[in-house]
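Quick notes on the structure that follows.
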Amino acid sequence: SLPVASRTPPVLWRSLSAALTRGSLVSCFIQAHTYSDVGKVTPDGLVMGHAYAITNSDKVMKGSEEVLLLRLRNPWGFVEFCGSWSDKCKDWDETDQAEKDRIKLKLEEDGEFWISIDDFSKTFNMVELCSVSPDSLEEDTAAGQSTWTVSEHKGTWVSGSTAGGSRKNNKSFWKNPQFQLVLQERDQDEEEEEEEEDNDQQDDDDKLDDGDEMMTAEEKKKAQKQKAKHCTVLVELLQKNRRQKDKTNFLYVAFHVYKVPPK
């Protein structure tokens, strides 16, 4: 979930554009403060408490002004936005035909419409993103450069074999599927921070190499911690095919992460 108010309109537009480029499924809604407000239609033709899909983002020139746009779709299709940059809005008359052809503008009552990022930020409250991979969350990866590595591991809980139960079952918990994860590369930070960290790390290396015998055990431990590389990891656990089985509910599952001490 991404609160619309948490980012300025241009930053929000870049974030959503990057997510769409990466193949994320993006939706948004106008918060209904009371139950009776759900389903109400605003003067601009938007439905409160109703999910809209964000299907595209683009920018067009209106005279000498660059306008950032989002394309939304109302799955119901029977009511459509009628504000600025909507299908029948005169804003399109001030836009070159080449621009309209490029974004494949369709002036049809099909539930799909364009809205400026400024109006979007004033009207909508929340954006929901369903990301196929963590790269969908990164603004700087729209050009195709991946900053994440995705690894998938499959395991099964087999009764009497690999179904060890929860941690309450001390004698069988170890039988559950186990996967070893080795983090080798640190996160990419800003260049200045990287240079500063590299300088600090070089200083620490010099201390360890030149004055190792003069350092106490506590000082050595502290120096080693300063040298440690930080790497972000996301772990997700999914159950396969449970929804496809009739009268079968989801099982209670969990995962635990343990730090293995160096050998």
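Keep in mind that glycine also has a Cβ here, set from the backbone N, Cα and C atoms.
Copied over from TrEMBL:
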ACT_SITE  His50  active site
ACT_SITE  Asn74  active site
COMPBIAS  187-216  compositional bias 'Acidic residues'
DOMAIN    45-133  domain 'Calpain catalytic'
REGION    185-228  region 'Disordered'
To the nearest whole angstrom, what is the C-alpha distance linking Asn74 (active site) and His50 (active site)?
9
When DSSP is mapped onto helix/strand/coil, what comes out for Asn74 (active site)?
coil
